Amino acid sequence: MSNFEQFHYDFYQSSYTIDDQEEGYNRYGSNENLCGSRKSQTGEQPPASAFAPLEMLLSSQSYTGQILQPTYSPDTLSHLGYVDGFDEEPPLLEELGINFEHIWQKTLTVLNPMKPADGSIMNETDLTGPMVFCLALGATLLLAGKVHFGYVYGVSAIGCLAMHALLNLMSISGVSHGCVASVLGYSLLPMVILSSSAVVFSLQGILGTLLALFIIGWCSLSASKIFTSALAMEGQQLLIAYPCALLYGLFALLTVF
């Protein structure tokens, strides 16, 4: 029995004591306090460049306090192309290309073939007046019992293309499709007077024929005068008046017959 107790004592015997355990515990606590004090110090005073990159630090030093406020030079503002304030903006009709003063001046130029034409005004591609005169011609023909809206617009389109090709061959500077359509359309106004006369009395007679010839000469003279003034083609008015007379002769045939 004594041998067994001696074996049991020798088996569980070690050099570990309670003093060593307390010393290890105190040492672990001091290490934990030391780590906590270091964490608190790092939390209270983090270094400024710990997480910020160098570019951000340099940009923060050159910050002037103006964010999202671009500065423009006078040259930049001139290229922007906008106008401050609604008072300085052009009227809506002028933005749409409708200028009643120019329409009235062109109409007076057509009504008076002997009046000199202003080439700067007649060179504009204004189609408001021509559209109105084409509608008026078709409406007056409709009142006379003739539904010729398709013929009016078809002959007008073909005549504008033919005159555009002819004027580009004859003139040095050339002409645009809009200018040709504008001039031919405004010169159609005397033909509206002829179609209005067809509502009152028949044009199939000597009086109607003479009136139609007079209207054709009036339209062709006005158109050729405007073309020579706008394209600087002095001395070529008769050459331009001949194809214009052929074109307006087609409208006269639609009106008389």
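Backbone N, Cα and C define each Cβ position, glycine as well.
Whatever TrEMBL says is automated annotation, not expert-curated.
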Which listed span TrEMBL calls transmembrane segment, if the choices are 132-149, 150-167: 150-167
Outside the transmembrane segment (206-227), six or more residues from its ends: residues with CB under 8 Å to it: 109-110, 113, 117, 122, 167, 175, 183-184, 186-188, 190-191, 193-194, 197-198, 233, 237-238, 240-242, 244-245, 247-249, 252, 255-256
